[in-house]
Amino acid sequence: MEIQNDQWVSAFLLYLKMEKNHSPHTIVNYELDLRHFRDFMEQQSIPSFAAVSYAFVRHYLTVLYEQEYARSTVSRKLSTLRSFYQFLVREKWVMENPFLLAHTPKGVKKLPSFLYEEEMEQLLDALNGDSPLQLRNRALFETIYASGLRVSECCGLKLQDVDLSIGTVFVFGKGRKERYVPIGSFACDAIQEYIENGREKLLKKSKSVDLPGDLFLNYRGGPLTERGVRKILHQALDQAALSTRVSPHSLRHSFATHLLNNGADLRVVQDLLGHENLSTTQVYTHVTKDRLRDVYRTHHPRA
């Protein structure tokens, strides 16, 4: 049974990669959720995925809540297992999907964190200097704010993906989907200065035989990582004397929020962000409504 379980998981992960075009990061998360469920099965003496019943699924969810897992985490695990069993049913390895009727209670949707326009200006203004790392940091955050790229997308940019003559970047995004995103003159200027006066100096520190073609490099001349971007942002927030604690992804939220605040069409923002569904983008309309309400209460004499 152990061998069969391993084979089914491997087949599912291959399906996610080859047919669903999921990113390696997403596939790893699926694998971790499946491993967690298998560990629970072993604790409960359930020998195989085929032996899982709806009653066992309810027991599993109850234990997750008793262990105080976040609602979002439970929801993600449930989604993973529902998709896994849907695949097993498709392959005719099991007769039915025990997760089909399992649901988590709906919670209050958390609004995305973002910086106000004044805070964003304060952050970017603090990124001055002409050292290679300072030039890189300025170009990095100007690019994310100008384009709304995910941090993973920004770290994945190659030199040839950026066309400064027309102000666009080519993005290989989530689900292996490709899109072109415009960037403004501030980002173009920052990238140009970084390429001319910073990147080559960082590249010389690389000990690799095959020099990376990545646009953004770390202090050793290798590709900049998402973890590295988080560290740089925290340092930049301190440098800008901003007490707001936000993540690099919050700059993407800021991009979308500021566009909508200034009258951009929701579907245009959807395309720029690379969202497959409009409902994913609509969360930003709640943010802008809150912003409008704050402005009204602050400035209207009879608010």
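Yeah, the Cβs are placed from backbone N, Cα and C, and that goes for glycine too.
So that you can see what the record holds, here are the features copied from Swiss-Prot:
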- Arg150: active site (ACT_SITE)
- Lys174: active site (ACT_SITE)
- His249: active site (ACT_SITE)
- Arg252: active site (ACT_SITE)
- His275: active site (ACT_SITE)
- Tyr284: active site, O-(3'-phospho-DNA)-tyrosine intermediate (ACT_SITE)
- 3-89: domain 'Core-binding (CB)' (DOMAIN)
- 110-297: domain 'Tyr recombinase' (DOMAIN)
Just checking the active-site residues Arg150, Lys174, His275, Tyr284: which sit within 10 A of Arg252 (active site), CA to CA? Arg150
From Arg150, Lys174, His249, Tyr284, the active-site residues whose CA lies within 10 Å of that of His275 (active site): Lys174
Would you mind listing, in sequence order, the residues at least six apart from Arg150 (active site) in the same chain with a Cβ closer than 8 Å to its Cβ? Gly173, Lys174, His249, Arg252, Gly274
Within 10 Å of its Cβ, which one of these active-site residues (Arg252, His275) has the largest number of other Cβ atoms? Arg252
Collapsed DSSP category at Lys174 (active site): helix
